[in-house]
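Take a look at the structure below.
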Amino acid sequence: ALCNCNRIIIPHMCWKKCGKK
């Protein structure tokens, strides 16, 4: 699955890719 960092809710698996903690 692709990580969409533009979404308000981001899966915790995508946080690292999106730079979120």
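Every residue, even glycine, has its Cβ placed from backbone N, Cα and C.
What Swiss-Prot annotates here:
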{"type": "DISULFID", "residues": "Cys3-Cys14", "note": "disulfide bond"}
{"type": "DISULFID", "residues": "Cys5-Cys18", "note": "disulfide bond"}
{"type": "SITE", "residues": "His12", "note": "site 'Is responsible of pH dependence of the channel block'"}
{"type": "SITE", "residues": "Met13", "note": "site 'Susceptible to oxidation'"}
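Mapped onto this structure are the features recorded in Swiss-Prot.
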| residue | record | Cβ contacts under 8 Å, 6 or more apart |
| --- | --- | --- |
| Cys3 | disulfide bond | Ile10, Pro11, Met13, Cys14, Lys17, Cys18 |
| Cys5 | disulfide bond | Cys14, Lys17, Cys18, Gly19, Lys20 |
| His12 | site 'Is responsible of pH dependence of the channel block' | none |
Inset, instruction - Within 10 Å of each Cβ, count the other Cβ atoms, then let me know which of the recorded positions Met13, Cys14, Cys18 comes out lowest. - result: Met13
Legend entry - Where Cys5 (disulfide bond) sits in the secondary structure, as DSSP reduces it to three classes: coil
Legend entry - DSSP-derived structure type at His12 (site 'Is responsible of pH dependence of the channel block'), helix or strand or else coil: helix
